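Engineer: Handing you this structure, nothing more for now.
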Amino acid sequence: MGVCGYLFLPWKCLVVVSLRLLFLVPTGVPVRSGDATFPKAMDNVTVRQGESATLRCTIDNRVTRVAWLNRSTILYAGNDKWCLDPRVVLLSNTQTQYSIEIQNVDVYDEGPYTCSVQTDNHPKTSRVHLIVQVSPKIVEISSDISINEGNNISLTCIATGRPEPTVTWRHISPKAVGFVSEDEYLEIQGITREQSGEYECSASNDVAAPVVRRVNVTVNYPPYISEAKGTGVPVGQKGTLQCEASAVPSAEFQWFKDDKRLVEGKKGVKVENRPFLSRLTFFNVSEHDYGNYTCVASNKLGHTNASIMLFGPGAVSEVNNGTSRRAGCIWLLPLLVLHLLLKF
């Protein structure tokens, strides 16, 4: 649809037959194009949506009548406007140039425009094609998603523009891994926790700056205890047991000793829970406090636990991830092996 396609006067916006009646193209005379040095319109005109397009036609003093047409619709004939569209204005009508301007160009203005002239001999025409470029726009994109580890996901990013924009997906957090897809659709099979974070969709077509939208992907997984730290503390001193767990959603922590849960508020003991960390603090350690404690981390997807020792000085030499060994066993074992070798 051209510039007059949506608003016209029935008695003015005429087809080419009407133009023949104006003697620009006399009935029965074939229209010639490109067989003379005039009229000479511009080459293809490319403008961005919303800008103004100027259509120029070079003529000379042999021209008696001149007009601009959009397909079969007359826009201007000489100084007379034949189209009601207020965006179409006459810029110049001289012996050497006949120019019009289309303001605030839109995509429906795209198409062929013809400069038609009448001389003493015969009519001539010259054609120019108006190309309208449109900045990229993302019209549809997936919402933020929460999914369990191991499942499949599909992200969608639909963009429009002229020329058709190129769509790319990029994983930008927590670790930038570069482009992951050059397509409107991003498929991830068996997603892992490392693939969580923000995914950026970019649409570009060199008409304007790329447009960017982001989707946040949350990958849920059961707790994993990454550190279970015991400690050796003399009687009467302050001691802390620490348990760290990675999980999404964040883990909830509980502490047990001899199958009994330790609760906040017990005299001399404090339980401090954070999203990925729990501390069990003894402000005045007694002999009764020594022993094995169990840290339990859980969320809706599962749970895990680790054993941690609170011990006196010299009682335990190594505590890590819920394992402990008596210090005496560490140095007695080499002596026992040496004794057996000497005996035999």
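Using the three backbone atoms N, Cα and C, a Cβ is placed for every residue, glycine included.
Sharing the record's features from Swiss-Prot:
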DOMAIN    39-126  domain 'Ig-like C2-type 1'
CARBOHYD  N44  N-linked glycosylation site
DISULFID  C57-C115  disulfide bond
CARBOHYD  N70  N-linked glycosylation site
DOMAIN    136-218  domain 'Ig-like C2-type 2'
CARBOHYD  N152  N-linked glycosylation site
DISULFID  C157-C201  disulfide bond
CARBOHYD  N216  N-linked glycosylation site
DOMAIN    222-309  domain 'Ig-like C2-type 3'
DISULFID  C243-C295  disulfide bond
CARBOHYD  N284  N-linked glycosylation site
CARBOHYD  N292  N-linked glycosylation site
CARBOHYD  N305  N-linked glycosylation site
LIPID     N321  GPI-anchor amidated asparagine
CARBOHYD  N321  N-linked glycosylation site
Engineer: Restricting to the recorded positions N70, C115, N152, N216, which ones have a CA within 10 Å of the CA of N284 (N-linked glycosylation site)?
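Structural biologist: The recorded positions passing the 10 Å Cα test: none.
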Engineer: Which one, from the glycosylation sites N152, N284, has the smallest tally of other C-beta atoms lying within 10 Å of its C-beta?
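Structural biologist: Selected from the glycosylation sites N152, N284 on minimum Cβ neighbours within 10 Å: N152.
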Engineer: Around C115 (disulfide bond), which of the listed recorded positions (N44, N152, C157, C201, N292, C295) come within 10 Å, judging by Cα atoms?
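Structural biologist: The recorded positions passing the 10 Å Cα test: none.
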Engineer: Let me spell it out: for each of the disulfide-bonded residues (C57, C157), count the other Cβ atoms within 10 Å of that residue's Cβ, using every protein chain shown. Which one has the most?
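Structural biologist: Top count of Cβ atoms within 10 Å goes to C57.
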Engineer: If one measures from the C-alpha of C57 (disulfide bond) to the C-alpha of N44 (N-linked glycosylation site), what distance in angstrom results, rounded to a whole number?
Structural biologist: 12
Engineer: Hey, how far is N305 (N-linked glycosylation site) from C295 (disulfide bond), Cα to Cα, in Å?
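Structural biologist: C295 (disulfide bond) has its Cα 5 Å from the Cα of N305 (N-linked glycosylation site).
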Engineer: Quick one: average pLDDT across the domain 'Ig-like C2-type 1' (39-126), no decimals.
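Structural biologist: Overall, the domain 'Ig-like C2-type 1' (39-126) comes to a mean pLDDT of 92.
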Engineer: Which whole-number value in Å describes the distance between the Cα atoms of C295 (disulfide bond) and N216 (N-linked glycosylation site)?
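Structural biologist: On Cα coordinates alone, these residues lie 32 Å apart.
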Engineer: Closest of the recorded positions to N216 (N-linked glycosylation site), Cα to Cα, picking from N44, N152, C157, C201, C243?
Structural biologist: C201
Engineer: If you count the other Cβ atoms within 10 Å of each Cβ, which of the disulfide-bonded residues C115, C201, C243, C295 comes out on top?
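Structural biologist: Going through C115, C201, C243, C295 one by one, the largest Cβ count within 10 Å is at C243.
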